[in-house]
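Enquirer: Before we start, here is the structure in question, set down as structure tokens.
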Amino acid sequence: MPLASLSLDPAPFPLIRPAAGWSGRVLPVPGPAPRLCRPLRAAPVAPATTDEPSAAARGRLESLSQVAGVLGTQWGDEGKGKLVDILAQRFDVVARCQGGANAGHTIYNSEGKKFALHLVPSGILNENTQCVIGNGVVVHLPGFFKEIDGLESNGISCKGRLLVSDRAHLLFDLHQVVDGLREVELGNSLIGTTKRGIGPCYSNKVTRNGLRISDLRHMDTFGAKLNNLLRDAALRFKDFEYNSKILKEEVEKYKRFAERLEPFITDTVHFMNQSILQKKKILVEGGQATMLDIDFGTYPFVTSSSPSAGGICTGLGIAPRSLGDIIGVVKAYTTRVGSGPFPTELLGKTGDLLRASGMEFGTTTGRPRRCGWLDIVALKYCCQINGFSSLNLTKLDVLTGLKEIKLGTSYYTDDGNTVQSFPADLDLLEQIKVKYEALPGWEEDISSIRDYSDLPETARRYVERIEELVGIPVHYIGVGPGRDALIYK
């Protein structure tokens, strides 16, 4: 939905504090739908067709390396799943390498049906694609089976097509309970997690008392290991409920899970390396994004894994020299869910318009996303870390109707000194000022455009200015949520 089709009441949504109360900022929650206003002026283009890819599309798809990756460049929610779904048609294997059910990827099949995936790789909609959940992923089996049931009820078979690493760690309900208790304990300093138990599960992994998928093959010792986790949680949190009955029920539940999961369990490290030797094409689907990386993100307001290029190797067990093209997915503006610094955040009417037009509510949590201008400083930082070969600019259509669009091109301090790089210091990030470059917007509806040359001149100028500033070419441009709403440049 483009911006020009919206007008907002002075206070269209009730306001609430963000989860962490970061700097006293406020966020809107869903309320009455925005009112429609005058229709858009359509750009003169031929109707889009999805029967055969264009020459530009074929060129881009066929030139990708044997092992390629798709990673987020902001704070998640960039639209990675859609690109993976499209690219997967040209790949033999699609793999997840890190994170868990905190990653929410919304994709659409050829009939326009919407699927919200959290653990299962987005390539599952392509019937000839093998999907892999790698050793770096943490797996919540109840959620995993729920996704599979939802897919199979819609005619999408997962049997024989979905492999789960025997080295991946199990995420239990207890991890989700601990996640919530930890957030309550932190009070006003809470991180604003998805409360999916990701952090506590990775914590057990690092302290070497977690359980892995392979432990499901040894139910004689499974109960004792799970008992250690439950007991530790009860000792740490007084409100954590734990007794022998709970342990027995959990063990019985996981006996059933073990039987159902067995056909999926695979030594995926061996599978991935054999696939490389067999010259199969492999696409890696990153969860979250670089600005949430445990090392490179806005720590501590980050995730617990490495959603950067380095996480591909550690999360799948493949060599760095195997990697080829890495595509960075970047929204045409910036969004963030939860707490943490956000230098280019828009707190007024324009931010509300972006949120409403872009339907900016989290796939995993439903929380309203904070919105702001595209942050070039942060984007360049992500490009340096990951070595992107190209970018996928998404949701360009959402900016339609804005008379002026801004790019945050540099940071400076109160005394006027330029900050040369993206800082680790959160206090500095909170106080930092942003220098903006303003570009003219466009009024035309671009959602049906499939040829780059048919975009309004000002839209092309926006894309090309981003390329100039970050030094990375934009090869893919999203102009709508549908699978076909993509321009190959």
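Keep in mind that glycine also has a Cβ here, set from the backbone N, Cα and C atoms.
Not my notes, these are from Swiss-Prot:
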type	residues	note
ACT_SITE	Asp77	active site, proton acceptor
ACT_SITE	His105	active site, proton donor
BINDING	Asp77, Gly104	Mg(2+) binding site
BINDING	Thr363, Thr364, Thr365, Gly366, Arg367, Pro368, Arg369	substrate binding site
TRANSIT	1-54	transit peptide
Enquirer: What does DSSP say about Arg367 (substrate binding site): helix, strand or coil?
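Expert: Its secondary structure by DSSP: coil.
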Enquirer: Nearest of the recorded positions to Arg369 (substrate binding site) by CA-CA distance, picking from Asp77, Gly104, His105?
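Expert: Spatially nearest to Arg369 (substrate binding site) by Cα position is Asp77.
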Enquirer: Return the count of C-beta atoms lying within 10 angstroms of the C-beta of His105 (active site, proton donor), excluding that atom itself.
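Expert: Other Cβ atoms found within 10 Å: 24.
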Enquirer: Roughly how many Å separate the Cα of His105 (active site, proton donor) from that of Asp77 (active site, proton acceptor), to the nearest whole number?
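Expert: Asp77 (active site, proton acceptor) has its Cα 8 Å from the Cα of His105 (active site, proton donor).
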Enquirer: What is the interatomic distance between the Cα atoms of Pro368 (substrate binding site) and Gly104 (Mg(2+) binding site), given in whole Å?
Expert: 14
Enquirer: Cα distance, the residue listed as 'active site, proton acceptor' to Gly104 (Mg(2+) binding site), nearest Å?
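Expert: So the alpha carbons of Gly104 (Mg(2+) binding site) and the residue listed as 'active site, proton acceptor' sit roughly 8 Å from each other.
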Enquirer: Between the binding-site residues Gly104, Gly366, Pro368, where is the Cβ count within 10 Å the lowest?
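Expert: So among Gly104, Gly366, Pro368, the binding-site residues given, the one with the fewest Cβ atoms within 10 Å is Gly366.
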Enquirer: In the structure shown, which of the binding-site residues Arg367, Arg369 has the fewest Cβ neighbours within 10 Å?
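Expert: Arg367, out of the binding-site residues Arg367, Arg369, has the fewest neighbouring Cβ atoms within 10 Å.
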